[in-house]
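Q: Per TrEMBL, the feature domain 'F5/8 type C' maps to 44-198. Under the heading domain 'Laminin G', TrEMBL lists 204-385, 390-567, 812-973, 1032-1212. According to TrEMBL, the domain 'EGF-like' annotation covers 569-606, 974-1012. According to TrEMBL, the domain 'Fibrinogen C-terminal' annotation covers 605-657. The disulfide bond annotation in TrEMBL covers 946-973. Per TrEMBL, transmembrane segment is recorded for 1240-1261. Residues or ranges marked as region 'Disordered' in TrEMBL: 1274-1302.
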């Protein structure tokens, strides 16, 4: 997005509409010359000129008032003057219906600024709602538009009070017509009116499509840095060049009509590829062939352009690099200049009228009148507007028009022009003597159906032609049908006409119906198509023009709900309310936006579907990855991709550039530097946006050199520099700072040659490098690097860049501590679309989050009750309130998210992405939200709690900075863990921070921002990890050691339960995976046997033989990672084995030492474990992680964990465990109080044998434990019932369990 100079354009538009004397226009030009840096218009209009509020209707004679009908002589329209009591006290028509009107002839064209109405004096007759039409000629009426609709004014509620309306869009007209829509229920239509405005005068020139006015420059060639072109035009043509100028260097400016839209093309030239890249084209408006006046203003200063049509302004910046418009000889108005050669591109000259043509202060129309300009190309130059003789007809969904034709004729011919937005609709219908004729629009094409029914057979002819004819343009239809022949022509194109030679005999019925079908349903052959909504004109029936004046008077034909002599079509896609490139589609009544592929959503494509930053993705529980972000949300900048690196305490955003690593630079000198253009994966505006909002940012910059000097330190002129934000050159390098012409080694005083402040400045033949971080974010990012010393023999240079940002505004929060505290900001600018989002947490039952007020308009978000959030606003149609009801209380002191949006289509309120309420905007009414007061956050009526990440129309409000200077409000907010602690997984603890939270993974076997990243070890031969369960922390131990030591207090050393989890991968067996020993002979071991199957061995209470559990008979020594979860609580043991099938991990070696069963060593530790272990956790201890984290930062004597051999960290190819273990219902390896190993069928076969053995064992064990008395365990509950399932499911025990008093002291991996 380019920087745009926004001009105050309103006043020049006012010049045109208020008919300011041309001396004022000249004064405007003088202002431009006095202040070339800014086009300034605010001082042009004097107060007397700006005031346009004279009573225009009261001085008029009675004959200036006419009406559709009169109730009686005393009710004549001449008595319809405001506050007058003549006659019956006002005008009333003969019938009170929707076909009545009151018309005023102002005598000449006037500037109209307001209108007022009263009811008929001392009566029950008044008008409650009406429309205003206006015209220059008393024909071709145009309805007054406001807020994108045909406006309906509110009228009176009694007969005496006057109701005045100021026209939001001033109009220029001679004739005004008021059409009552609703009236008094107690009486009839009654009206007295006054019109307010002022006189209007301008020179008018009629262009016949041939003549062109040439404005010759005083010099042969002109270099123009600023332009102001203003004019008004009206035409019934959709094509035509309005003005054109060009130069021999390729510069040009052209304003023309194309398909009834206004197209401005301008080219100031470009350095590259001639002037091709300088071409700029902008389109505005539509339906400009309506034969009504339209105002155009073009303001240009250098490359900044304001293009205004009927007060709607587009701001843009021209392409290319040049600022001047180089034109030769002349500027032509009304067409291309005559050169004796054909006009290129099939361009037509303008045909219609222009007035008030001004170019840089010169009044072109006045100069032409005084014959100061070349008008020789005109056949007959006229300074009055020649009016066209079209008579349009406007149809709505309930309209029809009936016209007479020739009856009982053997041929028919009909033709008309139409324009519409609807793809379907019935255009014409006629009952033939023995059939029907239908002309309809179906899916944007014209379809003709002729059906003739005879006694013997039915004949039919179907024709179809055209496509996309519902584009709002005028299209002409011509149908001719006679015996055995029919032809359909669209837009006069005979070459593409379609014909039918089907057997056909035509006998006309004599009546034709156009438009709607409500009337036709009563006919013999009702049509099957929907009603037509749109306009028609130039209607021909049987080769004769339809006499619509006679139809209007009621002498010919009939009509219902038709507006005659008016086309009230509206382009609802102009201006386009679909934002961010959304495609606007419309029907007659409404428009819709297609947002596919834009990155935005909503009724007007206003809301971004992406998060604003990497920090926001972390808040959603996302891990490091590539994401789309949209830093300004609903603002003009589009989304772009970045790399998000979620570390434990910070979130880094990385934007990549296009330069490959170590980009080589050769052949550059101080006179001709090689410029490296650094382009990023985002535009410079997007990169600047995230740089501005970042708490800290850095960019690594490096230059490797071989006999190539860099900054020419200590005092020379730099050979190389870099360009940052704002195209500013910088002469410091990475590791240094602004204004210090040094490299990092110069700051640290360790350069290769101490005489220089950069390594490269030593000019050595060996490769050297100067690198470091650029951290002054107001200068970042780097956009160019100019290298200037690689042209000497043996010299070479290589540049390298990267870019990182740290975002932090996501947590920008404020705490409101008193009911009267609030923050105030500038007025919220959200006229046609507004979005608001924020997080809040509170314990109060109600409070106003924010509000902004206008005269009557307002916008407010509040907590109305503990479960209800409200979004209310008023744009002039009355207050609107949306509420959402939460199932749970919102004053629970946890974070909740609120999102609200209002646009011209709808209003939406959303809470916690769960509860949603929406309300459609009214079809007609005000659409602009006009606010004047300051924006109050926290509300003047009180809010207690916290508000965070408040964004309004894509802009994040700095709550913390404002809170620092506001009593009763504190920056920041605590309590994030109550809402976001759930993202800390696998036993990680949420830790509060001033501006967010972090997950403490110290006591877990995991790492990462959410404790989801595996920690694993790569063991070589002879490597051993030993963890001692110390009853107290060793003096001098680190915080991590104390935490680990504290996990097993002395009371917890005697264990009645264990929780063991780890992952492993190996290709060798047998091996010992884990061993837990004690001072006695008690131990726990997990081993792989010779066949690769897993066995868990317990030795509890000094049994003669350890108790063994065969967990799985499959070969787990298959090089794939497997996860083990095992728990014992008293008599119950559960073992879960998760078998995975992933590519083989790295191999490592594990050996065991200590008090280990010799049988174990002999059987399973030769040659030893070869594999990887990760996620190792024993109760609250992560010994493997502890060994890896403490190996480099504290002596082994102070740590509970020690190791021997080489220990290398490895993830062992395992995937993070981010979900809890599967449930028993879905886990095939889940054991309910027993270990499930063999199938139920095999267990059933040996059930009897096992039952006998168990009975014997129970008797013996009870006898033995009666004498020991110090260590007991219970048999697993239900073992008797399930004994048949496995031979290894019984664990020796007694009925009276006691705790272990032999302390387990250490374990080994």
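Backbone N, Cα and C atoms are what each Cβ position is placed from, and that goes for glycine too.
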Q: If you average the pLDDT over the domain 'F5/8 type C' (44-198), what number do you get?
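A: Averaging the confidence scores along the domain 'F5/8 type C' (44-198) gives 91.
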Q: Where, among 204-385, 390-567, 569-606, do we find the most CB pairs under 8 A to the domain 'F5/8 type C' (44-198)?
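A: When the Cβ pairs under 8 Å are tallied, 390-567 comes out ahead.
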Q: For the domain 'Fibrinogen C-terminal' (605-657), what are the DSSP-based totals of helix, strand and coil residues?
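A: Output for the domain 'Fibrinogen C-terminal' (605-657) reads 6 helix, 20 strand, 27 coil.
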Q: Could you give me the DSSP helix, strand and coil counts for the domain 'EGF-like' (974-1012)?
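A: Counting residues by DSSP class gives 7 helix, 12 strand, 20 coil.
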Q: Count, for each of the disulfide-bonded residues 946, 973, the other C-beta atoms lying within 10 angstroms of its own C-beta, and report the residue with the smallest count.
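A: Across 946, 973, these disulfide-bonded residues, the one with fewest Cβ atoms within 10 Å is 946.
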